[in-house]
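One structure is given here, and the rest of the page talks about it.
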Amino acid sequence: MRCCGWRTAGWPAAAATPSCSPSPATAGSSPGGWRPAVSETWLDDSARTWRDDRVVAPRVPAELVPPHRGRVGERLRAWQRRHRLRAGRADAYFHSSRAPERGLPVAPASAVTGFVGELLSHRRARVAWLLTLNIAAAVAGLVVPRLLGSLVDRVAAGQTTLATINALVLAVAVVVVVQAVLTFGARFSSTVLGQDVLASARENVVRTVLSLPLSRVESASSGDLVTRVTRDVSAMSNSVQHALPQAVIAAATTVLTIVALCVNNLLLAVPSLLALVLVSFPVRAYLRRAPRGYITEGGTYSRINTTLTETVEGSRTVEALGLRGQRIAAGDDDVAESAQAERYTMSLRNLMFGWIDLAYNTPLVAVLLLGMVGYGQGWVSLGEITTATLYVQALVEPVDRLIANVDRLQVGIASTTRLLGIRQVPQDRTPGDDRPQGVDLVGRDLRFAYREGHDVLHGVSLTLQPGERLAVVGPSGSGKSTLGRLLAGINGPRTGSVTVGGVELTTLPLDLLRTEVALVTQEHHVFVGTVRDNIVLAREDSPDEVVVRALQAVDAWDWVQRLDAGLDTMLGSGHTSLTPAQAQQVALARLVVADPHTLVLDEATSLIDPHTARDVEGSMAGLLANRAVVAIAHRLHTAHDADRIAVVIDGRVVELGSHDELVARDGEYAALWRAWTS
Ligand SMILES: Nc1ncnc2c1ncn2[C@@H]1O[C@H](COP(=O)(O)OP(=O)(O)O)[C@@H](O)[C@H]1O
Ligand SMILES: [Mg+2]
């Protein structure tokens, strides 16, 4: 029974004829030759690739749900427990996000300084101009209280005339206008600089995303990638454009106000200095915890997007299997988890601002009390008290702005570390200088594992003759697609090598690799653009004759001619939509135009009806004469028409030969062929 087990795993139903006859076939790669039974260990290995033995904890544990009743003290203690638990969850997420098992990592905060520094280093003159304008505007703002203070002193001393008052009022008006102009200039230049930096950052992100190795992009969730390049880019840009300059301005204003306070009267500056020291404690506590909180928040947004994208992409399956309830529940779970992350950062902000609000109001009262005593003792003048009061009040606004913008910066920094995480994805290949001498594709002793310790290929060797058609057949999950990906250089093998013209595929630069070997799978994408644009992607200068010949070869020219504007018809989302079979034909035509010397077709005609598929394969073969083709097939006519056939079962090539040879051998392929044709 065991030896037939694989057939039911995904082989066409008609093929499930019992045929367990051991046959002494010379399997191309299995060192032990034919094995009469598929070992349970192999099956176990493949099946376990997907199994996840970890116990899944509930996404939001009951301890995080607030009690509805209870005395104030109890509720406060419950809140403290929840806050600690949320902090623990944020810490755990933060640590795992550094080097996640799957998906995209998050970069350390130190990388942000380097990144922003690099962005700003090309714009030093403008940064200097921006700072000068801001500092000048802040200084101008400090002159007014000083002028008003001296006015009070003069009035108190009885030294004023109408002319001096007029002169002082005029000076105040001039200073206010100058300050307004400087502030306008500062804001204007910070916006220009911010937009410029944002454009560079976006270009940088797009370049990074485009250079990600395909095998790694596939292991990341698209929802996460999309969240990083949309929400995180805009959070980062918001920070660079608004929060960073605002924080710099607010910090400069705060420092200058303090200096002015000290210059005005040291005694009256003491309350504000003490208040600032007090404020620094909650701010520091906040800064220690907030980055992890915001990174966790970002992670939960990614998860929401991943579930949403999956639901939308799989909407037909959801509909067909009545999975609406499950998808909604998955979305609810994501939102609940995200709400927990938000509650944590909200609590951190509330704790910080609560203390700060207290610290704001005390200095003013203290200055007035100190002023009263000091005036009585003759240590301070009325003018100094006026100036100090105005400064203390003026200090609230920049300190408030500084803290609010430091908070916004934390969001920006967290987003930037998520963005820079994309850059940290290690390359899966290092291009070398060797260039192929010839076109022969040789795979030797190929082993490959998606998860460590679970090989899905067990030492496959295959040599492709130039110009030959090799069909690869076998049950679902036996490793055919994986073999195709290795032969096309998408993934590198764990052991062994795939070489073209004597050079390892994974050491070829990607653009060169694609002119050597190309892979077409069942999955393909129709880009927004004309039919022509979609076909000439790999060779943009191809003339229309080449495009038409390619379309004819894939049996698509008839329907393309019938489209509104023929080759100029717009395709892709929002335009004419193609059936899956037509999209597959477009993908094949693209490949014909790209014209690599070796093609790997992974069930590339599976969506086209069997009759047409056979025609398409025949006419493509004519056009691709002298090209080597590896055709992974689930229809046996493809195997019948091929020069050689490799039968792959559970990660090994168990039979290799021409159709006639394999039928004569009366092994697995022969049994299958009989079932297919009966
Ligand atoms: N991206 C992946 N991550 C983990 N396991 C995978 C992945 N793709 C395929 N596998 C596993 O590898 C084995 C071989 O799969 P595949 O090469 O797709 O087989 P086939 O094309 O013959 O159906 C299967 O057990 C499958 O579950
Ligand atoms: Mg497959």
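Backbone N, Cα and C define each Cβ position, glycine as well.
Model, not experiment: these values are computed from the prediction.
Database features, via TrEMBL:
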REGION    10-38  region 'Disordered'
COMPBIAS  12-33  compositional bias 'Low complexity'
TRANSMEM  127-148  transmembrane segment
DOMAIN    128-410  domain 'ABC transmembrane type-1'
TRANSMEM  160-182  transmembrane segment
TRANSMEM  243-261  transmembrane segment
TRANSMEM  267-287  transmembrane segment
TRANSMEM  353-375  transmembrane segment
DOMAIN    441-675  domain 'ABC transporter'
Practice task
Across the whole of the domain 'ABC transporter' (441-675), what does the mean pLDDT come to? Round it, please.
Solution key: 87
Practice task
Take the transmembrane segment (353-375) and find every residue of the same chain, 6 or more past its ends, with a Cβ under 8 Å from one of its Cβ atoms.
Solution key: 267-268, 270-272, 274-275, 278-279, 281-283, 381-382, 384-385, 388-389, 392-393, 395-396, 399-400, 403
Problem - Best-contacting stretch, by C-beta pairs under 8 Å, relative to the transmembrane segment (267-287) and drawn from 127-148, 160-182, 243-261 - result: 243-261
